[in-house]
Amino acid sequence: MAQKIYIPDTLANWKWPPHLNPHYPEVKRESAAWLASFGAFSPKAQDAFDRCDFNLLASFAYPLAKKEHLRSGCDLMNLFFVIDEYSDVAEADEVQRQADIVMDALRNPHKPRPKGEWVGGEVTRQFWELAIKTASPQSQKRFIATFDTYTQSVVQQAADRTHSYIRDIKSYFEVRRNTIGAKPSFALLELEMDLPDKVIEHPIIQDLSILTIDMLHLGNDIASYNLEQARGDDSHNIVTIAMNQLKTDVAGAMKWVDNHHKELERKFNESFEKLPKWGEPIDSQVARYVDGLGNWVRANDQWSFVSERYFGKKGPEIMKSRWVTLLPKERTEDIGPQVVDDSLL
C-alpha cells in the first residue's frame, strides 16, 4: 500500500485572506509570451512550466499593484524559476557563472548581452530594463543588493547538492532565507514607495521580514517535499533536514514544521502590533509594505495548491484533505519542469 503524507494546514488562523490582482489575465498573457519567446526550455518542458503559472503567484503576491508593477512581479517570478531550473541540474562552478551573468545583466540593463551567452542573461536584462522604468530609486537599489545575495545562495545550494551535504536546521534556515528569493520579491512591494534605509533596516521591520521569509520557506518546503524527494533533490528541504537531525519520519518532520510555523506566526503578530511611527508619508507606506509581507505568506500557500506546480490538478482537493501519496523516485537531469503523477517537477 502506498505511503500517505499529511501536509499540515499552517495558515488555518492566518488573518490575511487570498486576493487576486484584477490585471492577472492580461498581464499573464504578456509575461508568459515574453518568457516563451526565449526558448529557454524544450516544448514539453515549456508546457509544464506554463502549467506552473508563476504569473498566478505574482498576482496573489501583489494584489493591489498597478498593471506595470504586476508585470514586473510576473516577470520576476518567471525569471526566478528559469534560474532555479538551470541551477538545479548544474555543478557549483557552472551556477557561479550563471550568477555572474545575471548580476552583470542587472547592473547593465541597457548593454547587449554577448552572443551565445546562457539565456538567463538576456531574460534578466529585459526584465530589469522594463522594471526600472516605473521603479523608485530606493526599490531599485534594494532589489539589486538582495538579488546578489540570492544568486550567491543558489551557488551555495548547488555546492551542498554536489557534496550531498544535508545541513542542520539552524544553518539551513540561514541559507534558505536567501535561496527562496523572498528579499528581492519584497523589494517589489516598494516600487511606488520611497522608504529610506533607516526604515527598512529598523529592527522590527527586519524581524517581520525574516519571520515572513521563514514562514514562506517552511510552506514551500512542505508543499514541494513530495516532488523533490521523487526527483532526488530533497536535501535542501526542511522535511528532510528535520528528519535527519531529529531522527524522525516524514510525519514527525511535518509535525515539527507545523509547531515551528505556529511560533513564527505568533511572533509576527506581536511585532506587527509594535510598528514604530515615523510620520507621514512614511507611516502609510510602511503599513502597505508590512501588509504586503503578511499577504505574501498567504499568496505562496494559495498558489501552491491552486496552480499545478506541486499537486497537478489535485491541488484544490489536497488543500482540503491535506493528504498526498508518496511519489516513486523519478530522477531527471532534464532542464525544465517534468510531469510526475500529473504534478510538476
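Cβ coordinates come from backbone N, Cα and C, glycine included.
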Motif 'DDXXD motif' per Swiss-Prot sits at which of 84-88, 159-163, 234-238, 279-283? 84-88
Just to be sure I understand, if DSSP states are collapsed into helix, strand and coil, how many residues of the domain 'Myb-like' (277-327) fall in each? 35 helix, 3 strand, 13 coil
Just to verify a number: CA distance, Tyr310 ((2E,6E)-farnesyl diphosphate binding site) to Asp84 (Mg(2+) 2 binding site), in angstrom, no decimals. 15
Hey, for the Mg(2+) 3 site built from Asn220, Ser224, Glu228, who else sits with CB inside 8 A of the CB center? Asp221, Ile222, Ala223, Tyr225, Leu227, Asn237, Tyr310
Sort the residues of the motif 'DDXXD motif' (84-88) into helix, strand and coil with DSSP and give the three counts. 4 helix, 0 strand, 1 coil
Three-state secondary structure, Asn220 (Mg(2+) 3 binding site) (per DSSP): helix
